[in-house]
C-alpha cells in the first residue's frame, strides 16, 4: 500500500482545492520558509485522527481552517483526503479487496469533525482501527516532524516504547486488552448486583410458593364447580332432547305421506330421463353424421393443397442445381491461385535455412567461452566468502564485546537507579489510609442493610393487600358471571315464548305481514297483547275469543285496505265506547281491555266450579250462559268443554309471561351494570396497589444496587490493602536482588574489556588480503561484461533468422491446408450438382392421380350432406316430446309443495321444546365446555337433584378457603422463571469472567513474545545502521525493566572515537542521526506504507546529509518517502520535487517537477 495523492481544501494556507500527487517513492517538498511546507505533514496527521490542536501548531481545532488574508475572506470549513493505492493488497481486513482506499476528514467552524472512508461516513475510531499495526497514525514513527528527532532520542523510556509497540503491531493488542479489562470490571460489578438480586428473589419465591399452593386449591375447586354446573346443564339438555325426539316420531308419520307423493314424482322424473336418453342418442347420431361431412370436406381440401405443393417443389430443385454449378467453377479458380503461392514459399525457405545453421554454431562458441569465465568468477567468489566470514567474525566479536561493555555499564547504572526508586517507593506506601477507608465502607453497608429490611416489611404489607384485593375481584367476577348467566337464561325463555306466541297469533305469516306493510298497518298490536286477564281465566278466554285474539287493534276500521283482498284471514277491532262496568259475576269483569269484547263475551257468567255452574243454569236468562276456569261452558240447551291442547291454548298466559320476563330482564340488566361498575372500581384499586408494589420494588432494587456498589468498593479497598502489603514485601526482596546483580555485572565488565583488545588485533591482519581479492574481481568482471555483449548480439541475430523461418514454414503449412480444403469443396460441389440432376429426373408427375382422387371425394361429400339433413329432422321431433313431459312433471311438484306446507305446520308444535333445549346448549358453550364430552362422562342413571347437592358442597368448600391471592400462581411461576434466568446469568457471567481472564493472559503472552522479538530485531537493525550512518561507532537499545508488558526502552549511542555514557551528551546532529538510525531500523522491521520527514537534515553537515540521503534512497525500494528539505544534496536524490510557493500572500500553491524528465530536457 502506498500514498497516491493528498487533496487539500481550506486547510491552513491551502485555501484553494489542491491535489499533491506522489508518483514515485522519493518525493522532496521544497520551498522558502513560511510558505506552508509543513502544512502538508500536518494535513496527514490531522486526517489520521490527531485530536490535539497543540500538535498541529494551533490553539483550537478550528485554527486548521483558512482564516483569511489581505485579499481573501475566511472560509467555513477545511477538508483533507488521503488516497491510498492498495492494488498489491497491503491493507488487511474487510478493505483488503479494494484497489484504492480513500480517507477524508472535514471540519467546520463549529469545531465538529466528520470522517469518511471510501466516501462513507464513519467514526474516528474506524479510521484509527484500519491503520492499527501498519505503522501509520497521528503520532507514529512514520511521521517525523520538526523537532521530533531530538525529542525522540531524549524521550522517556516509556514514550520510546510506544514506537516499538507500533512496529511490533501490538497496539491493537493493547486496545483489545484495555477493552477486555473494562469488560472484566463491568462483569464483576454485574456479578455483585446479580448475587444480591438472587438472594432477595429467593425469599420472594418461598413466600409465593405457599400462596400459590392455596391459589391452586382454589383454582381446582372453581374448576370442579364449573364442571358440575356444566354437567347439570347437560342433564337438563338431555331431558329436553328426549322430549324433542318424541315429537320427531310423531312428525315422521306425516313425512311418510310426503315421501309417497315424492315417489310418484320420481316416477315421472324417470320417464323424463328416458326421453332425455333418446334425445342424447339422437344428438350423438347427428354429431357423427356432421363429423363425417366435415371429414370428407377436409380430405378434399388436403388433395387440392398437395397438387399445389408438387408444383412448388419442382421449381425449387431446378434453382438449387444452377447454384451448385456456379460454386464448382469458383472453387476451381481459387485452387489454381493457392498452388502458385505454395511454390513461392518453398523457394524462400531453401535460401534461409543454411544461414540459420551458421548463426547457431557462432552462438554455441560464445556460450563455451562464457562458461569458462563464469567458473573462474565462481572460484573467486568462494575465496571472497571465506575471507568475508573470517573478517566478519572478528568484526562481530569486537562489536559484541564493545556493546557488551556498554550494556554492562548501562545495566549497572540502571540497577543503581532501580535500587534508589525502590527505596523511595517503600517510603511512600500508605497502608493506614486505605484501611480507614475500608472501615467507613463497612459502616455504610450496615446502614443500607437496615433500610432494606424496613422496605421489605412495607412491601410485604402491600403484597397482603394485593392478595385481599384479588379475592374481592374474584367475588365480583362470580357475581357478574351469575348475573350474565341469569340474563342469558331469561333471554332464551323470552325467545322461546316469543316464537310460540308468533306462531299461535299468526304474525309469522310472511304473506300477511307483507300485505299489512303495503297498507301501512304493520305497526298495529294484536288483541292478545292488549288484554290483562285475572289469573286462572286465561284458558277459557282463549277458547271463547278464539281467532279474535289475532285481531289487530286500531283506532278506526281500515275499510280502504280491503279494496285488495288479504292473502289470509285477518280482522280488526276498535276501542270500546261503552261506559257501564260489567257485573262481578260476568266474564267481562275478569279481563281488562280498552277494546270492545262484548260481541263475543256479553251474557257469559262465571262460576267457581262445574257444580256451581250447573246449579246456576236455572237462573240464566235468555241468551246467557256460564263458564268455569276449568274450561266448561254451559248454556240452556248445550254444554261444551275446551281441551288444553287446542290450537290457541296458552296465548294469553304466554303474553303475561312475556311481560313479566321483560320486567325481570330490565332489573337484571341494571344489577349486571352495577356489578360491572363495582368490578371496574376494584380493578382500578388493584392497579394502584400494583403500582405501589412496583415503586417499592424499584426502591428496593436501587438500595440493592447501591449496596452492591458498596460491596464492590469494599472488595477493591480490601484488595488494595493486600496489594500494598504484598508490594512492600516485594520491594524488600527486589532491593536484595539488585545488590547481588550489581556485583555480578562488575565482574562481567572486566572480562569483556580483555576480549575486545584481542579482536581488534585480529582485524588489522585482514586488510592486505582484502585488496588483492578486490583487484582480481575487477579483471574478471571486465572480461565477462565484454563477452556477454558479443554473445547477446549473436543470439539476437539468430533469434531474428529463426523468427523469419518459422513465419515462412507456418505460411507454407497454411497454404497446403487451404489447397486440400479447396479440392474437397470442388469435389463436393460436383457431387451436389449431379445429385440435384438425378432428383429432377426422378421427380415424375403425380398430378393426374391426385386429380382423380379429388373427384371421388367430392362425390362422397354430397352423400354426407344428405344424411346430415335427415338426422337434424329426427332430433327436432324428440326434443318436442321431451318438452311436453317436463310440463307434466311441474304439476306433480305443485302437489308435493302443498303437502310440505302441511308438514311445516306440524313442526311448529315442537318448536318450543327445541328452543329450550338449544338455550341449554348455548349456555353450555358459553361456559367453555363441549356438550358431547359432558354427555359421554355422565352416567345414564344420573339424577339432576344429586348434581345440585354436590354443587352446593363444592361452593361451601370454596367459601371456607377465605381470601385467596389468585395472582400468586402466575407470580410464583414468573419469579421462579426469573430466578432460574438469573441463576443461568450468574453461571454465564462467571464463565464469561473466566474467559476474559484467559483472553488477558493470551494477550499478555502474545504481547510479550511480539515485543521481545521486535526489540531484538530493531536492536539488531540499529546496531547495523548506526555505523553505516556515522561511518563507525555503535548504538543499542536497552530495557529499563524486567516486565516486558511495561518496561521502557532506552537508547545507548557511541559515535566513532567517543565514549559517551548517555544519549544526552551527544550534539544536535549526532542526536538526529541516532534518531534516524532508530526510525530506519523500525522501518526495516515493519515498513509503514510511507514515511514523512520534516527537515530532519537541518542540523546535519553536508557529509552526514549525503549519508542520510543515500540511506533514504536505498530504503525507498520498499518504503515511500516524502521529506521536506532545504538542502541541495537531499534534493538531488529525490525522483520528484514538489515545490510550495506563496506567490499570493497567505495562500500556498504546489508546483511538481519530475527530476529525471527535467534533467533529460536540460541535456537536450
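Placed from the backbone N, Cα and C atoms, the Cβ positions cover glycine too.
TrEMBL annotations: computationally assigned, not manually curated.
Per TrEMBL, domain 'RecF/RecN/SMC N-terminal' is recorded for 3-1148.
Secondary structure from DSSP puts residue 38 (ATP binding site) in a helix. Annotation comment: TrEMBL describes 32, 33, 34, 35, 36, 37, 38, 39 as ATP binding site.
On the 0 to 100 pLDDT scale, the model's mean across the coiled coil (170-218) is 76. For 170-218 (among others), the entry in TrEMBL reads coiled coil.
Taken from TrEMBL, the feature coiled coil covers 258-425 (among others).
Under the heading coiled coil, TrEMBL lists 651-825 (among others).
Summarising the annotation, TrEMBL assigns coiled coil to 868-902 (among others).
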Ask   = So what sits near residue 39 (ATP binding site) in its own chain, CB-to-CB under 8 Å and at least six residues off in sequence?
value = 11, 12, 13, 14, 1148
Request  = For residue 34 (ATP binding site), write down the residues of its own chain that are at least 6 apart in sequence and whose Cβ falls under 8 Å from its Cβ; none is a fine answer.
outcome  = 1142
Message = Let's check the environment of residue 32 (ATP binding site): how many other CB atoms sit within 10 Å of its CB?
response = 11
Protein Cβ atoms within 10 Å of residue 35 (ATP binding site), excluding its own = 17
Request  = Sort residue 33 (ATP binding site) into helix, strand or coil using the DSSP assignment.
outcome  = coil
Key: binding-site residues (33, 38), the one with most neighbouring Cβ atoms at 10 Å   = 38
